[in-house]
């Protein structure tokens, strides 16, 4: 391997790390606040990429129908629950929050679909269309079992992934799509070494979003509420922070992060309806390196996953995924060695 090849592979590794960074941060966030290992993260990213591809092709995005179906199911579930409890005054609020508001982003997409749109407009429409998906899914699937064990929540997340894969096939079909690159051309970073502007855009956007993510958690009241819920759910509830509200906000942020992942990866990778699993699993490796709790370690894990995947694809492309997933073994061994084990057999805390 020459130095030129090593530099090229390093740049590719950083591009992959940019994707896994955002996905890993999303997985750590949702697990910290809700104890859910959100396996379908990659599926939402795929929906975002395919939605953008449909908008670029001047076709009607099926995501509108998906959001409408999920909103209808969620409203029906909320109405039935409130009627059983006799909370009739909450019915208008439930219909507004879970039926009308999620459909608001669908209106501009419905009006503009089929037209030639500027790139930024198409990206914005793709993002706002996928934002309601995760909160609606969480309200349908995870909210009724929010007090269940982590294992039950994981099983529900796995089932949800397979359901979303089937819905992806139903709504988008089996064809693969790749969107137009946002920037064309190359830039010379070193003498004789040129890098695609698209790659620089991916890395820069990922770093900017990660920095914004950090500032939001450190400086805003909402971010502090999410941190408080992640540190101690019971304590947060005692000071007036509602777990249901923080969970919904968390799922909204995760949905937005997944949307950005899909937008960033679509110009360089052909996306199919079932491409989300491999994205989510590699991000999960990065999150495991961070212990599903540390954002800086998750960022380092994302860099490790991206670099290892890039160099492994050069040495043995057929085994690159196996090599990447093998990172779980030393990561789990190290976490097991340094973690505090409890021998009293106490059950995990439930809220």
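Backbone N, Cα and C define each Cβ position, glycine as well.
In TrEMBL, annotation is done automatically, which means it is predicted and not curated.
Worth saying up front: this structure is predicted, and the values here are computed from it rather than measured.
The annotation transmembrane segment is assigned in TrEMBL to 6-30 (among others). Under 8 Å from some Cβ of the transmembrane segment (6-30) lie the Cβ atoms of residues 36-38, 41-42, 45, 190, 193, 195, 199, 202-203, 205-207, 209-210, 213, 226, 230, 250-251, 253-254, 257-258, 260-261, 264-265, 268, 279-280, 282-284, 286-287, 290, 292-295, 298-299, 301-303, 305-311, 314, all in the same chain and six or more residues away from its ends.
Marked as transmembrane segment by TrEMBL: 37-57 (among others). A Cβ distance under 8 Å defines the sequence-distant neighbours of the transmembrane segment (37-57), meaning residues of its chain 6+ beyond its ends; these are 23, 26-27, 30-31, 63, 66, 109, 113, 117, 122-123, 125-127, 129-130, 133-134, 137, 150, 153-154, 157-158, 160-161, 164-165, 168, 172, 177-180, 254-255, 258-263, 265-266, 271-281, 283-284, 292.
Annotated transmembrane segment per TrEMBL: 63-83 (among others), in sequence order.
For the transmembrane segment (95-113), the residues of the chain that approach it from at least six positions outside its boundaries are 54-55, 58-61, 63-64, 67-68, 70-72, 74-75, 78-79, 121, 125, 128-129, 131-132, 135-136, 139, judged by C-beta separation under 8 angstroms. Taken from TrEMBL, the feature transmembrane segment covers 95-113 (among others).
Sequence-distant contacts of the transmembrane segment (119-138) (same chain, at least 6 residues past either end, Cβ-Cβ under 8 Å): 34, 36, 38, 40, 44, 47-49, 51-52, 55-56, 61, 63-64, 66-67, 70-71, 73-74, 98, 101-103, 105-106, 108-109, 112, 160, 164, 180, 182, 247-248, 251-252, 254-256, 258-260, 262-263. Annotated transmembrane segment per TrEMBL: 119-138 (among others), in sequence order.
For 150-173 (among others), the entry in TrEMBL reads transmembrane segment. Within the same chain, residues 34-40, 43-44, 46-47, 50, 54, 62-63, 65-66, 137, 141-142, 273-274, 276-277, 280, 348 sit at least 6 positions outside the transmembrane segment (150-173) and bring their C-beta atoms closer than 8 Å to a C-beta of that stretch.
Annotation source TrEMBL lists transmembrane segment at 193-217 (among others).
Here TrEMBL flags 249-273 (among others) as transmembrane segment.
Marked as transmembrane segment by TrEMBL: 279-306 (among others).
For 318-338 (among others), the entry in TrEMBL reads transmembrane segment. Non-local neighbours of the transmembrane segment (318-338) in the same chain are 278, 281-282, 285, 288-289, 291, 301, 304-305, 308-309, 312; each lies 6+ residues outside the stretch with a CB under 8 Å from one of its CB atoms.
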